[in-house]
Every structure is written in structure tokens, then in C-alpha cells.
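Working notes, beginning with the structure itself.
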Amino acid sequence: MHSTTETTSANAPATEASTEYASEPISTLHKALDGKPDDWQSDQPVKPLRFTFSGRGRDYLSLWLINWIFTIATLGIYSAWAKVRRLQYVHQNTQLAGYAFGFHGEAQKILIGRIIGIGLIMLSNSMNWISTELTGTFTLCLILMFPWLYRSSIRFYTRNTSYRNIRFKFTGTSKRIYGIYVTNILLLLFTLGFAFPYTVYRLRRYRVNNSNWGHNSFNFSSSTGAFFRIYILSFITTILILAGVGIAVFFSATSAIEKIAEGINNENENIYFIFVGLYALFIYAVYMVAHLLTQDMIYKESWNHINIGPTRFSCDLSIPRLYLIRIGCFLASIATLGIFIPFAHMIITKHRIESISVIPSHDFDVMQAILDEDTTRSAEVADMFDIDIGW
């Protein structure tokens, strides 16, 4: 599934068929997930099963370079296929109980989504030259389309992810997501933005509670209070970083500030612009720290409160350790002029994925045997409205 995620943590014409779910329920597996193991339960004690990730930086570097070369050569058109290859690599190297996940997205649909996005941006810019009234109307239409696009994107990724030859699916309705967005906007307006953690919680709950694996639904049991605590902690951390670094900069750059204040000659003006540029870079860095901290905490909170029947998930992600890894990867990427970026992506992805464990209610080996014996797949025509809007 994917934020995380930051994580986060990748498509064919609509007329092509894609494999989907078994046409009949897998009764014995359904018993397992529903906690009814009367006729199959193993005598062996149940042990948590940890996700593993086997992706290697060297392999991903080759993929990364090829993707960039073809994307540049085709003026960006190949980027859709590049994204599919990247997501397939990550999925195929993510395993649970010895079985890898699969990604079956079609690059054509990602390309369609991007063409639509670019077309809307170009049309919006053209409106500015024609009429401000038309610009306002068009902007309103875009806002009204966003919930539908959000749902279509989630459905695209969910339906194109599989485990043990069983596709995940997403059953969230457009009516429900529009209701969530309307109430979220009203809440943000009336609370001056203070209800933002609650809006994030509602969207996460919508995504998880409407996701299914086969005939079994996921459930999200986290609370609104947990999301408020995450954002409060992130805010406090950001303030402390700003205060600490700000004090250090103030005392170490007093003489430079005095020269800037004098503003006598061009040299001082150059110092001023350099100082402003460094300050802007610092603000962006603090924003990224706060953003990543928030996303990592939401990632951990979410996985610790997701279950499918009595089978639940656990996440022991160490956020301080992850940040040390991020800092090391960032410095290594700068030192190698970007060559280390694919290695950094693999290192961070491995750390996040392998922090998740599945705690089955019964022996997972028995459940696997049932899957091998009873699982069949039927074809279903792809929904032409399942598109990707991400980059």
C-alpha cells in the first residue's frame, strides 16, 4: 500500500484486460482472517512476520540513469514508463513471508494523467490573457475536480498492486470523498486552519478503510488526537530548530549584519543578497525537516493502527535514527554531485519498509498453503478513469 511515505516509500489503454480478484470468496482464507480457524489452525506458535526489502543501490543506479537518459531524449514522454519501472523495482524487491509484491500499472495511463495535468495548467495560463472572470470560473472547476482526481489516483495505485497474485482494490466512492473535502474546507475556514490535523486524519482513514486485499477489508483504528499530537510535536520541533539555529547565526554573524545595515557600497549589497539567499535556503531546509518529520510520524502511527480482520500491523520505525540516515544520505549526495541519490533512496526505503511487521492471528504458513490451493484470478476490463496524476 503507500505513503509513507513518504515512501513512501510506481499503465495500458482502457480496452485491455487486467487480472483482478477471484470470482468467488476464498472461504478458508476468509476464516483465517476472520478468526475462525476451526479446521485448519496450526499447532505452531504464531510469530510476527517482518517485511524485507532487497533493493540494491547499484541496480537502482542503473535503472535511474537509464530512466533519465530516455526521459531527456524523449522530451519527458518516457517519464511515465520510467515511473512504472521504478515502482515495479521497489514492489518486486519488497517481500513478506518470502513472497514479493507486484505492480501492474500501465505507463499509458500515467502519461494520460500527466497530459491532462499539463493541459489544465496551459489552459489556466491562457485564461489569464483572455478574462479574469473566466480564470476564476476555471479555477473553481479545477478545485471541484480535485477530489475526483485524488480518488482516481488512489484507486489506480491500489488496483495495480498485488501480493500472492491477489490484487488490492479500492472501494471508496466519489460521493464520500467530495463530502470529506467539503467539510474539510469548511472546518479549515471556521478554525483558521487549526483543524488541519483532523482533515489529514479523515483522508488517511478514507484511504485505509476503503482498501481491500481480495475479499478482506483493511481497518484504520488511529484517533484524531494522535494526529493532533503529531502536528503539535512537529511544530514544537520546528520552533526549537529555528530558535537554536537562529541564535547561533545571530551571534556568529553580528559583524556581517552590521555591514549589511550600513549599505554603503555595492560590496555590501552583494553581501545582503547572499545573506538573503542563505536565509531562504535555511527556511526551506527547516520546512523540509518539519515536513519529513510529520510524514514519518504519520507513517508510524498509521501502520501501528491498521489491521485486516484480527491480523494487524506493527511499526517500530526509529525516527531519530532515520533522520541520521537522511542527513548522511544528503551529505553523501552533495559530495558525489547527486550520484549517491539512488543509493540514498534504497537505504531510506529499506529502513522504512523493514520497520513494518505483520502480526497474524494464526500461522501464516497455513494461510499461504490455503492461498496456493484455492486462489484463482479472473480478468476484468480496466476502468478508464483510473489514472495517475502524480510525478
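Backbone N, Cα and C define each Cβ position, glycine as well.
Note that TrEMBL annotation is computational and uncurated.
Between the listed ranges 1-22, 23-44, 155-176, TrEMBL ties the annotation region 'Disordered' to 1-22. If you count C-beta pairs under 8 angstroms between the transmembrane segment (136-157) and each of 178-201, 271-293, 323-344, the highest count goes to 178-201. Counting same-chain residues at least six beyond the ends of the transmembrane segment (178-201), those with a Cβ under 8 angstroms from any Cβ of the stretch are 146-148, 222-224, 226-228, 230-231, 298.
Here the transmembrane segment (323-344) has long-range neighbours at 57-58, 60-61, 63-64, 292-293, 351, meaning same-chain residues at least 6 beyond its ends whose C-beta is under 8 angstroms from one of its own.
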